[in-house]
Amino acid sequence: MAAAAAPAVAVNGGVKVASQAYLESKAVKETRVLISDLCRQFYNLGWVSGTGGSITIKVHDDSIPKPNQLILMSPSGVQKERMEPEDMYVLAANGSILSSPSPKPYPHKPPKCSDCGPLFLKAYEMCNAGAVIHSHGMESCLVTMINPLSKEFKITHMEMIKGIKGHGYYDELVVPIIENTAYENELTDSLAKAIEEYPKTTAVLVRNHGIYIWGDSWISAKTQAECYHYLFDAAIKLHQLGLDWSTPNHGLIQNVKALIGSNRDINTSVKAGLKDSNHGMQSLPGCIVLDIEGTTTPITFVADVLFPYARDNVGRHLYATYETAETQDDIKLLRTQVEDDLARGVNEAVSIPPDDAGKEEVIAALVANVEAMIKADRKITALKQLQGHIWRTGFQNNELEGVVYDDVPEALEKWHALGIKVYIYSSGSRLAQRLIFGKTNYGDLRKYLSGFFDTTVGNKRETRSYIEISESVGVDRPSEILFVTDVVQEAVAAKGAGLEAVISIRQGNAPLPENHGFKTINSLSEI
């Protein structure tokens with residue numbers, strides 16, 4: 001085993017990591033053995049067959065900062081299942097080779113450090129990794145070929161997602177896909193760009209090739225590698241069954257060509273229509289605007305979950321964040337609203353003392369006003385903005401989770417596949433809307449939404465609000481917009497602005513007046 005001449009690096013005034021003594025230390029020897037053991041295991045899994053694939057691990061030493069720790073790397077072009085501990089390369093943190101394996105007799109080729117070396121070093125540099133695995137597992141190759149144009153692999157609602165760092169069962173796991181090249185080292189820039197654009201990822205797929213996976217330690221990298229390969233295999237098998245692995249309910253794959261007709265022009269055929277036995281098939285507008293309460297989400301969720309949470313936590317929130325610019329802005333808006341309420345004689349409005357009266361007195365008055373506003377279900381910006389900030393804390397602390405009807409995710413996915421833009425218009429703040437759809441009982445649905453509107457564009461029962469929306473969503477005519485709501489007065493206002501409007505009928509919604517004149521639906525799947 002040859003040791004290359006390299007500058008010795010002193011760590012904390014102790015042993016030099018590039019010294020011969022350190023290269024022969026127990027930590028280095030144990031890491032050599034570990035890599036050879038893992039390569040045999042990975043060979044049996046099909047990850048490193050045909051001399052392909054590789055693994056690298058940093059030599060863990062508590063006395064040495066991770067960026068300065070030695071790197072052990074398997075060689076290239078060798079039978080991975082037959083490697084011995086002495087076959088490993090030892091590199092300094094900057095990538096210079098400190099020790100290389102001795103040549104073996106014919107038919108073995110001369111030793112060569114892994115072709116993956118530059119990519120391994122990039123993962124160490126950008127992700128502070130402790131180990132990196134490069135797999136040629138068949139499943140990691142096939143998932144990139146199912147959709148040859150896709151730049152991402154996505155999957156959600158699978159138990160093994162929990163094994164990926166920073167992810168849970170309801171989360172959407174996204175793995176970037178980069179294009180393969182003739183030589184491994186040519187992938188380095190693409191890998192770096194993917195890591196930069198996907199800061200949460202711990203893996204990058206290479207189309208028609210394999211995957212790079214890293215972790216804080218060899219255990220983390222190995223565990224995640226096993227989970228990634230499981231999820232890829234699951235996606236392939238779901239695809240074979242005609243099921244969509246990327247959606248929460250893993251329903252049937254929506255074949256867009258079959259849905260819109262393979263012999264028809266997409267621009268005209270996407271108007272799939274509104275199915276209503278009383279009115280026949282109507283053409284679907286270019287974009288859809290959805291209300292939340294009673295349309296996508298049960299009214300009870302807002303009334304029985306969100307409002308009580310805001311009411312019960314307003315005091316705690318104001319005390320904890322009183323000095324922040326955000327909360328001071330909230331207080332300023334509330335002051336203006338309360339002053340207007342007092343001038344108009346609104347019941348239960350309480351004068352808010354000036355700031356110099358003391359934090360406790362100001363907060364007590366704010367709490368009294370906010371509780372009264374919530375009780376009266378007032379649709380005012382000052383209240384909605386503060387509620388959004390309170391709810392944000394609840395969602396971040398996993399104390400809140402959005403609820404949508406079972407038909408909502410599939411409908412959103414279908415419209416998204418057809419290129420139909422979908423917006424939300426609610427009396428709740430845009431922040432609150434993003435929170436509700438960002439963490440639902442079906443995962444993150446924001447990827448299907450093009451934007452959010454709140455009362456800053458106007459009251460939902462005023463026609464001018466819908467005129468403002470129609471001028472913001474990029475349609476040629478207001479009639480190209482379909483507005484879905486459970487409130488007749490809102491439908492009337494939308495119709496007055498030239499929008500198409502339908503009424504959502506859900507359990508718990510308020511009864512509709514007779515002869516209201518609008519189409520009705522019981523599920524978004526009817527659109």
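Just so you know, the numbers here start at 1 and follow the chain as drawn.
A Cβ is built for glycine as well, from the same backbone N, Cα and C atoms used for every other residue.
Straight from Swiss-Prot, the features:
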type	residues	note
ACT_SITE	Glu159	active site, proton donor/acceptor
BINDING	Cys116	substrate 1 binding site
BINDING	His134, His136, His209	Zn(2+) binding site
BINDING	Asp291, Glu293, Asp486	Mg(2+) binding site
BINDING	Ser426, Ser427, Lys460	substrate 2 binding site
REGION	1-244	region 'Methylthioribulose-1-phosphate dehydratase'
REGION	288-527	region 'Enolase-phosphatase E1'
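Where Swiss-Prot records a feature, it is marked here on the structure.
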residue: Cys116; record: substrate 1 binding site; contacts (Cβ under 8 Å, 6+ apart): Ser54, Thr56, Met73, Ser76, Val132, His134, Glu184, Tyr212
residue: His136; record: Zn(2+) binding site; contacts (Cβ under 8 Å, 6+ apart): Gly46, Trp47, Val48, Ser49, Gly50, Gly52, Gly53, His209, Gly210
residue: Glu159; record: active site, proton donor/acceptor; contacts (Cβ under 8 Å, 6+ apart): Tyr169
residue: Asp291; record: Mg(2+) binding site; contacts (Cβ under 8 Å, 6+ apart): Ile424, Tyr425, Ser426, Lys460, Phe483, Val484, Thr485, Asp486, Val487, Glu490, Ser504
residue: Glu293; record: Mg(2+) binding site; contacts (Cβ under 8 Å, 6+ apart): Ile299, Val302, Ser426, Asp486
residue: Ser427; record: substrate 2 binding site; contacts (Cβ under 8 Å, 6+ apart): Lys379, Lys384, Asp454, Thr455, Lys460
What's the number of neighbouring CB atoms sitting within 10 A of the CB on Ser426 (substrate 2 binding site)?
25
Does DSSP give Glu159 (active site, proton donor/acceptor) helix, strand or coil?
helix
Need the DSSP three-state call for His134 (Zn(2+) binding site) to compare against my parser.
strand
Neighbours of Asp291, Glu293, Asp486 excl. site residues, C-beta within 8 Å of centre, Mg(2+):
Ile292, Gly294, Thr295, Thr296, Thr297, Ile299, Ser426, Thr485, Val487, Glu490, Ser504, Asn509
Of His134, His209, the binding-site residues given in the record, which has the fewest other CB atoms within 10 A of its CB?
His209
Other than Ser426, Ser427, Lys460, the chain contributes near substrate 2 (Cβ within 8 Å of their centroid) the residues Asp291, Ile292, Glu293, Lys379, Tyr425, Gly428, Asp454, Thr455, Glu490
Over the span of the region 'Enolase-phosphatase E1' (288-527), how high is the average pLDDT in this prediction?
93
Could you find out if DSSP has Glu293 (Mg(2+) binding site) as helix, strand or coil?
strand
